[in-house]
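Copied over from TrEMBL, here are the features:
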- G90, G92, R93, K113, D125, G126, R176, R183, D262: ATP binding site (BINDING)
- D252: active site, proton acceptor (ACT_SITE)
- N253, D262: Mg(2+) binding site (BINDING)
Amino acid sequence: MKALDELTFDNRFARLGDAFSTHVLPEPLDEPRLVVASKAAMALLDLDPAVAQTPVFAELFGGHKLWAEAEPRAMVYSGHQFGGYTPQLGDGRGLLLGEVYNEAGEHWDLHLKGAGMTPYSRMGDGRAVLRSSIREFLASEALHALGIPTSRALCVIGSSTPVWREKQERGAMVLRLAHSHIRFGHFEYFYYTKKPEQQAELAEHVLNLHYPECREQPEPYLAMFREIVERNAEMIAKWQAYGFCHGVMNTDNMSILGITFDFGPFAFLDDFDAHFICNHSDHEGRYSFSNQVPIGQWNLSALAQALTPFISVDALKEALGLYLPLYQAHYLDLMRRRLGLTIAEDDDQRLVERLLKLMQNSGVDYTLFFRRLGDESAALAVTRLRDDFVDLAGFDAWAEQYKARVARDGDYTQEQRRERMHAVNPLYILRNYLAQNAIAAAESGDYSEVRRLHEVLTRPFEEQAGMEQYAQRPPDWGKHLEISCSS
Ligand code: AMP
Ligand code: MG
């Protein structure tokens, strides 16, 4: 276990130099205070969890203090936002403080979001508000607990610094951890600004540090792109299987590592709704729940375009062709497991589709349905769940098909079925209204609800005593919350 001053830095991205990032010091928040910290994320840096309670912790992650070995840099990138190209973005309010390596030899980027203005702030103030910082923190740690690849969050630091959004709010910072903060938009930036040397340097950097196994392949860059396609297909399959809607899948928010990245107006589905749009400025529904699948491919094509200096167009197209079949395979595999099935049958895709259609028509709670399905034998469970459906004849037909399918699947006890299903069907997810309750309390200075909710979400598959209120459908006020896109 390490103290805060015992972290070991190795700032590999900073060493790429000024063409890739700019040195900027964090701008401190007034009266920094700890809102919440993740013990699990601290463990990634070998940090003793007790250090979160020391004043220096809030000073470090509130922008007041810096390690001597840190090299805070604002990275430059660009990206396609809602389908249109924005030639220069960059860390407008976040700084890569440095890269820490832990005792297991893993490197972790320390990225401080809300750290003040940078050369890339454009019209922005460089700040992040408490509300959005809590949302990013909770989402990162909750997705990780569900087994969905994601950036992590070490802590949220609150403050008394006023920040203007639709109304006056308070500034906060979230310390994000990831093995890399390189986005699709980094490659796009050097491609569209026609800087082939830096483009090559970036590609070498990513290949050497993050995809070293691709070096062994006859065409290392192609192997790396293929791997990025595969990881994205798997990540998005998990989003779809668990009802996660990202909301802002611009290419500057897509990680080169295939992890969920840059949380904005995201939401988990309450009632199943394939057409759900969580981002209220997304009038066309470009990033609606079901559109995440084709948009994943669109984004990979944008990255492919930026890689044309290194890889032939034919090879890129072939690699892009892997996306949908891989997505389908991962998605179906997870959905089968959510249904308690252990072997694959040809008709499983239809079984899933018919269920989702019924859930859509009746507004059935996506998370609780699967959890309850595992509570009992298939026959008993469908009898109990039947009441939630409007199209009873449709549900009965599906239920018959499901029971027959379960009977063909294998011989196991109800105990085994429950255990297996509960291990993939969470009881607790980050519902918008739960986040909203925690944020409202935090905005009035009470952080206990954020901390409790975070605790519950770190063990989403385990029934926790006294936590029934976190496993409920939203109350009426919490069903269609307008989550502000400003952050
Ligand atoms: P996002 O939609 O949060 O992914 O942000 C898109 C771009 O705008 C990123 O490059 C951010 O750094 C930048 N940005 C967002 N909010 C602010 C802000 N308040 N001040 C400066 N830059 C910002
Ligand atoms: Mg972003």
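Glycine is no exception: its Cβ is also placed from the backbone N, Cα and C atoms.
Automatic, uncurated: that is what TrEMBL annotation is.
Each residue contributes its Cα atom, and for G90 (ATP binding site) and the residue listed as 'active site, proton acceptor' those atoms are 9 Å apart.
One residue stands out among the binding-site residues R93, R176 for having the most other Cβ atoms within 10 Å of its Cβ: R176. Of the listed binding-site residues D125, D262, the Cβ environment within 10 Å is emptiest of other Cβ atoms at D125. Cα-Cα distance from N253 (Mg(2+) binding site) to R93 (ATP binding site): 14 Å (rounded to the nearest whole number). Checking the binding-site residues (R93, D125, R176, D262) against the residue listed as 'active site, proton acceptor' with a 10 Å Cα-Cα cut-off leaves D262. Farthest C-alpha pair in the ATP-binding residues G90, G92, R93, K113, D125, G126, R176, R183, D262: 22 Å apart. A Cβ distance below 6 Å to any atom of ligand 2 is met, among the recorded positions R93, D125, R176, D252, N253, D262, by D252, N253, D262. In the three-state DSSP classification, R176 (ATP binding site) falls within a strand. With a CB cut-off of under 6 A applied against ligand 1, the binding-site residues R93, D125, R176, N253, D262 are reduced to R93, D125, N253, D262.
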